[in-house]
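J.: The following feature annotations were taken from TrEMBL:
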BINDING   B:Arg54, B:Thr55, B:Arg104, B:His132, B:Gln135, B:Gly264, B:Pro265  carbamoyl phosphate binding site
BINDING   B:Lys82, B:Arg165, B:Arg223  L-aspartate binding site
DOMAIN    B:2-144  domain 'Aspartate/ornithine carbamoyltransferase carbamoyl-P binding'
DOMAIN    B:152-302  domain 'Aspartate/ornithine carbamoyltransferase Asp/Orn-binding'
Amino acid sequence: MAAPDTDPTRSDRTVLDARDISRALTRISHELLERNKGATDLVLLGLHTRGVPLARRIADKIAAVEGAPVAVGELDVTMYRDDLRSQPTRRAHKTALPAGGIDKKVVVLVDDVLFSGRTIRAALDALADLGRPSAVRLAVLVDRGHRELPIRADHVGKNLPSALAERVSVRLAEVDGTDEVTIS
Amino acid sequence: MKHLLSIDDLSTDEIAQLFETAADMHDVQSREVKKLPALRGRTVVNMFFEDSTRTRSSFEIAGKWLSADVINVSAKGSSTSKGESLRDTVLTVCAMGVDGLVIRHPASGAALQVSEWVDASVVNAGDGMHEHPTQALLDAYTLQRHLGSLEGRHVAIIGDLTHSRVFRSNVQCLTKLGARVTVVAPPTLMPSGIGPWSAAAGFETSYDVDAVLPEADAVMMLRVQRERMSGAFFPSPREYTVGYGLTRNRLALLKPDVPICHPGPMNRGLEIAADAADAAQSVVLEQVSSGLAIRMAVLYHLLAGEEA
């Protein structure tokens, strides 16, 4: 188990705490609303695993501002990965689209960490099989660099320059019981 | 998992994993684009040395929806009818670079034998009177969707047990998942030597349908396999129906909403009356769509990862 933050022997460093995460998501929510001129036709799709709770949180924040619920769904890209064959069989997760579908909607993909960009590439392929959005945007909590594909995020919680060997971990209350982003 | 030859090869964890994947695959059936790219570039050969509609087309569609290339070879119209041996046929096909081999054969043990000859992943789609693992998986998966956990639930399997690979796989699968299983057949269609097996595996046997039906949480009717019968196992079809068929009268013995399964093809009026086959609680068609999801899950687990 990870030791508390004050423990000098702990090798990882907290980059974002619960309040930072909340603030970043609030800002992303407002950016999305501003860019989209409101919440109409907006669909938030969380990428498994931790993008799903993030998408829900952003949706809650947008709903609080706009006073109306915003469509949220979850997207699993396992079957679309380009490294399926080089790894042991991965477990697939559920893909659940909101009732209105994604055709002619502005889809915002939500993920925790943007790294190589390969997950997002897979997500774009998955979207093409599910419908035809009018636009696709990308919101991530952390952008740690080291892209391997020409992909960038439209909304970033925090840019986190990191060395390739470093490990960025996002923990969220819904999945891990606590909210923090650490680097080690 | 390299091959799927018998339910015996699967741990309860692996079964649970297959069911989880199948649930994800189930959603694909309702999508407009029914295609996932997971098996792109893989080749699956369906080799069917016995007649089949649902299993073969189910595996074919499952493979195609996962973007694999699927080829069908049947005994009729292949070199087998010119006298080629099973080994030569299989090796010939596999020499073309096949990743997965789905095989149905009238000889028990054929799939296991084939798996020893080839590098490809082998899926047993029915070998003689031995096993039909994907059928058992789809049956258990379908029942789970209706009953929740199968732990402690009572499943009655009724019909031609002697000739049934579906029953042999199902007993293993259901008992692994914690269900209580009672198998019912006329004495002539009760496999010889079932006593020690049922004692070891922990399922019950009975000759009395009417006693079992009222306490069942699910009923599975088996087809009377007349093509495998060389002798007279019952005096007349009528007599079989009276003694062991799921008739309208027996339907009334069931607890309400008990799901009724049949692996198909059904002999309507013989082992299952139309009233039962078309009843609201009949899950026969649902079994078919579950079968597709299960076979997608099986092909995915066998072929998508690195070791295929």
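Yeah, the Cβs are placed from backbone N, Cα and C, and that goes for glycine too.
TrEMBL: automatically predicted annotations, no manual curation.
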J.: Quick one: what's DSSP say for B:Arg104 (carbamoyl phosphate binding site), helix, strand or coil?
T.: strand
J.: Give me the Cα-Cα distance between B:Arg54 (carbamoyl phosphate binding site) and B:Arg223 (L-aspartate binding site), rounded to a whole Å.
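T.: B:Arg54 (carbamoyl phosphate binding site) to B:Arg223 (L-aspartate binding site), Cα-Cα distance: 14 Å.
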J.: Counting other Cβ atoms within 10 Å of each residue's Cβ, which of the binding-site residues B:Arg54, B:Lys82, B:His132, B:Arg165 comes out lowest?
T.: B:Lys82
J.: Counting other Cβ atoms within 10 Å of each Cβ, which of the binding-site residues B:Thr55, B:Gln135 scores lowest?
T.: B:Thr55
J.: Is any of the binding-site residues B:Lys82, B:Arg165, B:Arg223 within 10 Å of B:Gln135 (carbamoyl phosphate binding site) (Cα-Cα), and if so, which, in sequence order?
T.: B:Arg165
J.: Write down the Cα-Cα distance for B:His132 (carbamoyl phosphate binding site) and B:Arg165 (L-aspartate binding site), rounded and given in Å.
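T.: Answer for this pair: 6 Å between alpha carbons.
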J.: In the structure shown, which of the binding-site residues B:Arg104, B:Arg223 has the fewest other Cβ atoms within 10 Å?
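T.: Counting other Cβ atoms within 10 Å of each of the binding-site residues B:Arg104, B:Arg223 gives the minimum at B:Arg223.
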J.: By the DSSP assignment reduced to helix, strand and coil, which category contains B:Arg165 (L-aspartate binding site)?
T.: helix
J.: Could you work out which of the binding-site residues (B:Gly264, B:Pro265) has its C-beta surrounded by the smallest number of other C-beta atoms within 10 A?
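T.: Output over binding-site residues B:Gly264, B:Pro265: least Cβ neighbours within 10 Å is B:Pro265.
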J.: Report, in whole Å, the straight Cα-to-Cα distance of B:Pro265 (carbamoyl phosphate binding site) from B:Lys82 (L-aspartate binding site).
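T.: On Cα coordinates alone, these residues lie 29 Å apart.
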J.: Determine the C-alpha span of the L-aspartate site listed in the record, that is the greatest distance between any two of B:Lys82, B:Arg165, B:Arg223, in Å to the nearest whole number.
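T.: 31 Å is the greatest Cα spacing among the residues binding L-aspartate.
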J.: I'd like the per-state residue tally for the domain 'Aspartate/ornithine carbamoyltransferase carbamoyl-P binding' (B:2-144) from DSSP, helix first, then strand, then coil.
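T.: Split into helix, strand and coil, the domain 'Aspartate/ornithine carbamoyltransferase carbamoyl-P binding' (B:2-144) gives 65 helix, 27 strand, 51 coil.
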J.: Which of the three DSSP-derived classes (helix, strand, coil) applies to B:Gly264 (carbamoyl phosphate binding site)?
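T.: Going by the DSSP assignment, B:Gly264 (carbamoyl phosphate binding site) belongs to neither helix nor strand, so it counts as coil.
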J.: In Å, rounded, how far does the Cα of B:Gly264 (carbamoyl phosphate binding site) sit from the Cα of B:Arg223 (L-aspartate binding site)?
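T.: That comes out at 7 Å between the alpha carbons.
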